[in-house]
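Here the structure comes first, spelled out in structure tokens, and everything after it is commentary.
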């Protein structure tokens, strides 16, 4: 039976939440990934060293027994001092910037994306070599939000040439094209944005479990993202943006945004790269690119996938928490055989 | 307190379903409307005289005691004969054409929109002066489906100049513009498409109760529809497309398309036309235009609305059926005071 080995897979954009939901979802990443960049949008967001270390310890506890490193991020604020960032810099891999209110738990994000307003913090980050991770959406029409953010990315890239800027979970052809225009722009892309368009979310029946922010876009966008991923574009990293919400908050009258993909990401990526005969590029997309961009060496971990049917559970549960994964109840072509 | 009288309101696009759902929803239209054009997409669809008359009788029974006429339609099929249509023509107000699979219960619709394939039936309809009501969407990308259908409308309008063609539930600026291009093209527009865009459906939390087909589009589309309605464009009629589904089919992992607006349509339209100081045009939009386009005289019915708060129920129920209305639990500025 066909096998494929993934070397130290990294998920460079992950939501682990907290409390029981953390305990439910974290092992689904820590089991099969060597590390993950952890989003700081808790309630309240992670903005102090104490909160950061405490959250890291809760994550490590939830992942106990697994070879796994959570790469922590701070929630961007305009008033971080040089002293504070200098003191915390070895504890973090980057700082995540959210425009206020743009997605789950982002209410305390920045209210202005004006470069001059952001300048003090971004200059400190440049000096200290702390990467900036950005949720790049305006508050415009839902299908235009990322495209409208492109000039802001350009302005950031031009004004802070020594700052590594990561366009998180890109969803458009425009963002892929921008990657090639500025040396200091990088990006993550999710699994689901390589697979779905708005048609999958709302073209037939409405699918709340595929509803996410940024929303899935057009076919030409998906195609551009897919080609960049399959060809292991050196500035593009895998970041699942796996974002669990309990079932009752997805199947209701006002469904929360987020797709839970952690337990299926490696299997589906293997299937996808195999389908396009690009398996040779998968390790770059899922690990090596991130190592180079962020300049770190992850724990050594080898995941052997085998071409054997895997039926995705309908739901994952822990105590009172639950979450429905992408492809719930469906069959995948690849399974995880062993983890070393 | 401010009052406004609507004269014989007509809903020129309505789904009443069947069985208990029919009994639940029909009175919410028959109480306040003088008549409604009834969609034929039952399971199986209404394609025979027996089915049509039987359905009409079930509707009349569900509306017992109300001054109300259900204007019946047949489900378009390519093989209707002259004899059949000539025999049934006094029982129907039009024939509804669905591309196969395009919306709820449309699986047996036409598989080709090729004019030459449709020609035999459409020529008979032209001769017998039976209007054609069309669900105008291609099976393309969800945001483009109506726009892509415009050349098909043009081809129908050009090939059958004596056929009245109604573009049902239009949702785009393109469709509004097409109205002015061909004498024999008319349209209905829903309440919700005058009020919402895709942002309301999927821009914040995902709102299954606002999910409909055609899906709500962009701001410029909503604005074009709103201006046409407010100005009582003589070729545009109100058609709610009120389309009930039980709550469990809306708040689930694959939500059905349709917004239930029957109980709130008159109140919200009055509020909307008042807001834009166009109340003088409301009777044309909601009754007179349809009378002229379809050439009929409805029952005389006067609905007096009063500017007094009305709290929309969270749910309407009958036996095992239920349905959540648009604006569930919210407050409207206008109430229905009396019906004569």
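Backbone N, Cα and C define each Cβ position, glycine as well.
A TrEMBL annotation is a machine prediction, not a hand-curated record.
Feature list (source: TrEMBL):
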ACT_SITE  B:241  active site
BINDING   B:13, B:15, B:96, B:241  Zn(2+) 1 binding site
BINDING   B:15, B:16, B:17, B:41, B:135, B:245, B:257  substrate binding site
BINDING   B:96, B:135, B:169  Zn(2+) 2 binding site
DOMAIN    B:11-257  domain 'Amidohydrolase-related'
MOD_RES   B:96  N6-carboxylysine
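Residue pair residue B:41 (substrate binding site) / residue B:13 (Zn(2+) 1 binding site) shows a Cα separation of 12 Å. Each of the binding-site residues B:16, B:257 was scored by the number of other CB atoms within 10 Å of its CB, and the largest score is that of B:16.
The subset of binding-site residues B:17, B:245, B:257 lying near chain A, with Cβ atoms under 8 Å apart, consists of B:257. DSSP assigns residue B:13 (Zn(2+) 1 binding site) to a strand. The subset of binding-site residues (B:16, B:17, B:135, B:169, B:257) lying with their Cα within 10 Å of the Cα of residue B:96 (Zn(2+) 1 binding site) consists of B:135, given in sequence order. Within 10 Å of the residue listed as 'active site', counting CA to CA, the binding-site residues B:13, B:15, B:17, B:135, B:169, B:257 contribute B:13, B:15, B:169. When the alpha carbons of residue B:15 (Zn(2+) 1 binding site) and residue B:245 (substrate binding site) are compared, the span between them is 10 angstrom.
Taking all protein chains in view, 25 other C-beta atoms sit within 10 angstroms of the C-beta of residue B:15 (Zn(2+) 1 binding site). The Cβ centroid of B:96, B:135, B:169 marks the Zn(2+) 2 site; residues of that chain outside this set whose Cβ lies within 8 Å of it are B:13, B:39, B:97, B:98, B:103, B:133, B:134, B:136, B:168, B:241, given in sequence order. Of all the binding-site residues in the record (B:135, B:169, B:245, B:257), the one with the smallest CA separation from residue B:13 (Zn(2+) 1 binding site) is B:169. Nearest to residue B:169 (Zn(2+) 2 binding site) in space, judged by Cα atoms and limited to the binding-site residues B:16, B:17, B:135, B:245, B:257, is B:135. The DSSP secondary structure for residue B:245 (substrate binding site) is coil. Highlighted in sequence order, B:14, B:37, B:39, B:41, B:133, B:168, B:169, B:188, B:239, B:243 have their Cβ within 8 Å of the centre of the Cβ atoms of B:13, B:15, B:96, B:241, the residues recorded for Zn(2+) 1, and are not part of that set.
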